[in-house]
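J.: Provided herewith is a single structure, encoded as structure tokens, for subsequent inquiry.
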Amino acid sequence: MAEPRMPRPAISPTRDKSHSPYRESPSRRLRDVETGYNPPQNPPYPPQRNGTEPYPPSPSSRTADWEPIMSNPNPMSQSDLGRKKSLIRPERNRIDRDHPNYYYRKHAANMEVLPSTTGNDPVVEDLAEHRTVSSGSTQQDTSIEEEVVGNPQKSRMPGKLEPVGKKKAPRKLVRKDTRNLTEEEKRRQKELDKIKPPSIWNIYCAVVTFWAPDCLLQCFGMPARAQRRAWKEKVGLISIILLIAAFVGFLTFGFTQAVCAAPGLRLKINHVDRSYMIFHGGAYNLDGSMHPAARGIPLDANVLYDLPHKYGGQDGSFMFQKVNGACKGLITLAEGSDVPTNSDGDLAWYFPCTAFNQDGSSEVNLTSPYYLGYACHTTAKARNTFYSLKKAGDVYFTWDDIKNKSRNLAVYSGSVVDLDLLKWFNKSQVAWPQQFDDLRENGRVRGMDLTHVLQSATDKQVGRCLTQIAKVGSIDTESVGCIASKVVLYVSLVFILAIVAAKFFLALAFQWFLARRFAAAKTSQTSDPKKRAKQIEDWTDDIYKPAPKITDPASTVTGSDGRTSKRGSMFLPQTSRFTSPYAVDRRSSRPPPTTMTSQSSNAKLLPGGNPYKSGFNSSQNTLDLHSRMSVGASRSSLLLSGQETRYSAVMDNLDPNGPVGFIHENVVPQPPPEWQPFGYPLAHVICLVTAYSEGEDGIRTTLDSIATTDYPNSHKAILVVCDGMIKGKGEAQSTPDIVLGMMGDFVIAPEDVQAFSYVAVSSGAKRHNMAKVYAGFYDYGPKSRIDPTKQQRVPMMVVVKCGTPDEATKSKPGNRGKRDSQIILMSFLQKVMFDERMTELEYEMFNGLWKVTGMSPDFYEMVLMVDADTKVFPDSLTHMVSAMVKDPEIMGLCGETKIANKNASWVSRIQVFEYFISHHLSKSFESVFGGVTCLPGCFCMYRIKSPKGGQNYWVPILANPDIVEHYSENVVDTLHKKNLLLLGEDRYLSTLMLKTFPKRKQVFVPQAVCKTTVPDEFKVLLSQRRRWINSTVHNLMELVLVRDLCGTFCFSMQFVVFIELIGTLVLPAAISFTFYLIILSIVKKPVPVIPLVLLALILGLPAILIVLTAHRWSYILWMGIYLLSLPIWNFVLPAYAFWKFDDFSWGETRKTAGEKTKKAGLEYEGEFDSSKITMKRWGDFERGKLDQRSSVCGILVETNLCHLFRTASSGERKCLEPATSYASTERLRFYAWVRTLP
């Protein structure tokens, strides 16, 4: 239970980093990234020691080989210890309550460490002996030891260094004294709370719901203020979802129409029919026109059909010439010209006023039929009539038309100019610049764009002039808006395809290459992956179907793994008579992974027979009679570390009922640390099962599966937390009675167990809760489905939340929710690791675990969380621990959950493929980056603490104060918090872990499998998915703000989380757009090919994933059923969940007897009275126990200690000599050993 300490920057002699078999943490550098700690460059004190006593070694070294820890094996200069070329300045970070390490720093500030000038590990100060402390031990402060043994020397020895940190009182229990607020201070605080300005979110919700005042909502059944606030926040969220959906719909369908409106009628050159006439590049429909009377034209004649010359389909631009515009000054009047002009030099026309063919085939005709200027329409009336005509459309040319060698065409600013029209100039009438002739006769200009050629001012005027007098059409181009819409379309297409393809291929790479690294080298199941997969599929057909028996001897833990054998092993000897029989895989020069047990290699085992010396015990540590007697005879801990422990001064003086003084006679002994049946060092695991209203069959199935896993029982313990005195619907017994009926060999008889107080996760008076702790062993029952030869003895502890006496008569006494059940364990682990004050309940949990396991709870490194209706495959726990041990950066993982009632109804059938794809696609993809965003609470594992830096240094993970503090939040006053903490607490824990430790990993281990029953009624599925979808949305909102996740910008987990959040919010809109697109492609032409291809890829890739990863073709059928049910998954369920944002109840999921569905999280009753809860450190509880007894086990309380001897005649123990002087640790251990003698 040692506090976590900083890692040493120098290389530890017991742990060579250069030969590590597993990936080293990138954060292993001088600065501890997770705590933000930086060693001081110039420490205020030089290192000093009292006396000449050397420093002790690490737990894995021998006593004779002790070397000073402060000695540096690799001397480094002072300059080498500083940070080099780093842009990170963690010391400049503002450490407020939002900082991920805020609470950890507060707890670490109470650590007493000495400064170091060498950069080595800080030394924990001990006033009795200068010893380092393993976090695997439980060290009690020396001041407590002095009080127990009566040592009057409590003053600090001269020359002792003051610990780094704050000035502390003489007592060792250092806490900030809580100061009672006066009435005036409370009043001021209330006033400050009242004048707190509203947030932007609250203002937005008030604006959106202005039409629904509080008085109106009260009339509609919302009397509570919390209900009205939740409803307004719900409307605010729905409005944002609608805005996002509208934006997505606009990008999908409206953006193209907005920026690229459908162009008007466009007529291709040479395809303009006889009902049109062309003027200046535009086509005019003159089919119903009537011309006034003129020479050669009768009244109301149609110029297209009624005249001798048929003008239909011809270009009449010369009849309405654009003169005196850009061409003024360029085209001038020729000498002797008959063209009318005025004083300003304006000309009446430039060309003969006649029509020509649109294909440019007309010959030049400079004559006029009646008079000069005939058909030039120079009068204002004629011009106004022409300008009033509506253009039917533009005449366009393609580039192929422009490059046609039969014509002399060029392009200027998008307009097509026919340079051959310049031949129609009459030299006798007008004069034009020579540049016109040069352009017309230059063959290199033909078919070119002259826009960038004519760049000077004069050239630009020439270009504009040509456009006015010789324009015959426009180039076939798209508008900027249309180009932009296509760019957006293709960029979106590439972007979506990249995400889908990356997700698919990375998930496939994880399944094929990366996942196998997590698995154990050998387990109790078959070593053939295909055969094992088939066994799992058969096993998941029924929830009560037992696991397959071991049929492959080569795959058992006692067999050899052929894949690990080497060809050269048959020629050269690999062992000798001096080789340890427990050593496993020592052929590699690389050190094994670090666990608490591997660091305690000098631990002393129980006296008597050791079942592990004879090889693997097929019954998984079930001892014979002789071994039981040996265990029962021992009255000390099974694992006594060679180091002095934090509790050594107290635990050696306990009474027979204390944690060390009494160990259950059926306790499972601890094997040697070298014993590695699965190819990796074993780690201790707590299997947490949270029970609420489950029935006897469900709980029995879960506990049977955990108890019969092939992981050694010496390294696992079952902890069941019953959430209140609850009776499930249709059950004859309450859940606590059902669970207690599955226990045996109680440490204390159930009727004698007392209820103890603790601080619950709730508000008001419900923060005080009481619970009972039952410790014993799992009982399979007389009608067990488990073969008696397979029944193993597993330590088990049950915590029953029974509630305070005030709520005994109320419904569901003691019920505080699943999060409170998890916090009971998490808070307990934090108190154990930091040696902090604990409640009476936590103290009893400490003693209960010690008595049924024979070891300190600080040895546990991992927590397996399983729901009480889930059944675990036998080797799943082995694979999960294997991943944790092999990669210390993994802080959480989950296995695959399979459905056991696939064919119960259509509701269960549509969920089969959804479960499959969520694991093998989503979680596999996220595991590549180590950022699985959701570890299902029904089957997951978290790391309690992780090795960090040098030997014996650990940092809290699940037991981290920041995790415990945030997860135990009891002020749940906003819609966001309620969806996080009341509906999706399991997912929020995963989110919290990623927020606090963004550089660590959460992965999916496909080898670990469990099965469960899913809802087979639609109303239950609707209620379950409402909770899941709403919690997913709010958890993704939390994660999207974490900037330290793996990757950068679009190639980061933060971006992936953002895409998932948007995708979740627009699910109803997306499925609606999909069906609209399919219908549109059927009834309208042309078919939108690109969106349909994209849709086919998104829906079809999972089928390929099934072929490549699944082991049954039946999943193709399940996929078809899932696709048919897409409207339910993507529309009905999300839309219902969004509308129920303000519903915080569990609905129809797990109802109890007589319960009515109601909204939760809205009412708080009474005030919390903290005086009802006693909190002390473990040593204070033990001293109090000693003070309550006059004489226990030969220890006199009046003298605190006495020398023990036994008489040879009667064998009874007798106190002969009180101890009045300081007793050494060895002497205390000797007395403890004497007390264990029969």
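Glycine residues also receive a Cβ, built from the backbone N, Cα and C atoms like all the rest.
Quantities reported herein were computed from a predicted structural model and do not represent experimental measurements.
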J.: Between 582-606, 607-631, which stretch does Swiss-Prot give the note region 'Disordered'?
T.: 582-606
J.: In terms of DSSP three-state secondary structure, what is the assignment for ASN1030 (N-linked glycosylation site)?
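T.: Its secondary structure by DSSP: helix.
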J.: What Cα-Cα separation, expressed in whole Å, is found between ASN365 (N-linked glycosylation site) and ASN903 (N-linked glycosylation site)?
T.: 89
J.: Would you say which of the glycosylation sites ASN365, ASN404, ASN426, ASN903, ASN1030 has the most Cβ atoms within 10 Å of its own Cβ?
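T.: The largest 10 Å Cβ neighbour count belongs to ASN1030.
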J.: Of the glycosylation sites ASN404, ASN903, ASN1030, which sits closest to ASN426 (N-linked glycosylation site) by Cα distance?
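T.: Of the glycosylation sites ASN404, ASN903, ASN1030, ASN404 has its Cα closest to that of ASN426 (N-linked glycosylation site).
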J.: In terms of Cβ proximity under 8 Å, which residues at least six beyond the ends of the transmembrane segment (235-255) contact it?
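T.: Apart from its flanks, the transmembrane segment (235-255) reaches 201, 204-205, 208-209, 212, 485, 488, 492, 975, 1062, 1065-1066, 1068-1070, 1073, 1138-1139, 1141.
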J.: What does the structure give for the C-alpha distance between ASN404 (N-linked glycosylation site) and ASN1030 (N-linked glycosylation site)? Integer Å is fine.
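T.: Answer for this pair: 65 Å between alpha carbons.
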J.: Given ASN1030 (N-linked glycosylation site) and ASN903 (N-linked glycosylation site), what distance in Å do their CA atoms have, once rounded to a whole number?
T.: 28
J.: Per DSSP, to which secondary structure element type does ASN365 (N-linked glycosylation site) belong, with helix, strand and coil as the options?
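T.: Where ASN365 (N-linked glycosylation site) sits, the three-state DSSP reduction gives coil.
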